Amino acid sequence: MSDETPLSAEILRRAPKVLLHDHLDGGLRPGTVAELADAVGYRDLPTGDPAELGRWFRAAADSGSLVSYLETFAHTCAVMQTEEALVRVAAEAVEDLAADGVAYAELRYAPELFVERDLSLDAVVEAVQAGFAEGTQRVVAAGGRIRVATILCAMRQHARAMEIAELAVRHRDAGVAGFDIAGPEDGFPPSRNLDAFEFLRRNNAHFTIHAGEAFGLPSIHEAIQFCGAERLGHGVRIAEDITTGPDGEVHLGRLASYVRDRRIPLEICPTSNVQTGTVPSLSEHPIGLLARLRFRVTVNTDNRLMSGCTMTSEFAALAGAFGFGLDDLRWFTINAMKSAFLDFDARLALIEKVIKPGYAALG
Ligand SMILES: [Zn+2]
């Protein structure tokens with residue numbers, strides 16, 4: 001939109017990126033899924049061949065329904081039930097993100113999905129944190145840099161939100177930066193977990209809520225006005241509260257105005273939204289409108305394995321569909337860094353010392 005630097009894949013990869021919405025159990029390397037399945041004796045994978053498995057995950061996730069999209073997670077979660085597996089998956093996620101040019105990432109997962117064998121919730125968190133530390137060390141040893149933080153999710157269809165909120169607060173000095181609720185949105189409104197959100201607020205803890213993906217404005221309204229979410233996981237359906245008149249004049253409803261006025265970050269995951277049928281195609285994705293209206297838009301991968309995407313490929317796809325230039329991508333990145341669940345000094349340092357110089361070096 002605003003500059004003339006040709007956006008090669010290499011420039012997009014080198015551009016510093018900030019990722020706020022990425023599921024650990026949605027980002028495994030296909031080869032790791034196959035190897036871990038062998039190691040734990042899991043026999044239900046559709047194929048043991050890594051390349052075929054990668055294609056299978058993308059195709060299964062392409063079905064156009066959030067429910068079948070979520071079914072692909074049965075396989076990844078099945079192979080993440082041991083300490084060794086969690087350490088490995090976490091360490092590899094950090095390496096993969098660093099290789100993709102991600103300077104800061106918040107990775108999220110639901111600890112309650114990894115206690116099918118003998119791990120406790122606390123042991124799950126400790127294993128993942130150990131993996132993140134190991135991955136970060138490997139990146140630094142190879143001359144790279146990345147910082148990661150953790151968001152713990154509770155699953156909406158289970159009734160453990162309070163327990164997971166307590167877990168998040170218990171581990172906040174060990175790298176857990178926030179809390180989220182994930183899983184099927186329709187039929188499980190965020191206000192069902194009000195006690196957990198009240199607990200978090202009383203403890204000055206940060207949280208985001210998956211809202212405005214499979215379900216529309218009422219879910220966004222509850223997440224913000226009943227639960228007190230600081231950010232919206234997806235939030236893309238806030239566009240339903242925006243109308244464009246015949247003369248091109250744009251009108252924001254009260255909820256959309258509130259979200260924009262309060263600078264509530266939208267964790268937008270473009271490819272994932274197309275896969276789950278939330279939007280019909282990338283070119284029809286409301287991110288163009290929301291960015292033009294200066295909502296606090298951030299760009300995210302959601303599930304790199306199921307979507308076969310990276311931050312670089314999301315940026316490339318958006319640049320292609322909407323004509324975004326490096327200035328726009330820098331804006332998304334600074335938006336994300338401002339919205340991170342990291343202390344203010346650390347956010348500022350990453351913006352001033354990593355993101356701005358990183359983009360200046362590309363231009
Ligand atoms: Zn998500």
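Backbone N, Cα and C define each Cβ position, glycine as well.
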**Prompt:** Can you tell which of ASP118, ASP122, ASP302 TrEMBL lists as binding Zn(2+) with HIS21, HIS23, HIS210?
**Reply:** ASP302
**Request:** Could you check the binding-site residues HIS21, HIS23, HIS210 and say which one's CB has the fewest neighbouring CB atoms inside 10 Å?
**Result:** HIS23
**Prompt:** For the recorded positions ASP25, GLU213, ASP302, which residues place their CB under 6 A from an atom of ligand 1?
**Reply:** ASP302
**Request:** Looking only at C-alpha atoms, tell me how far HIS21 (Zn(2+) binding site) is from GLY183 (substrate binding site), rounded to the nearest Å.
**Result:** 14
**Item:** Output field, substrate shell: CB within 8 Å of site CB centroid, site HIS23, ASP25, GLY183 dropped
**Value:** LEU24, GLY26, LEU70, PHE73, CYS77, ARG108, TYR109, ALA110, LEU113, CYS153, MET155, ALA182, ASN303
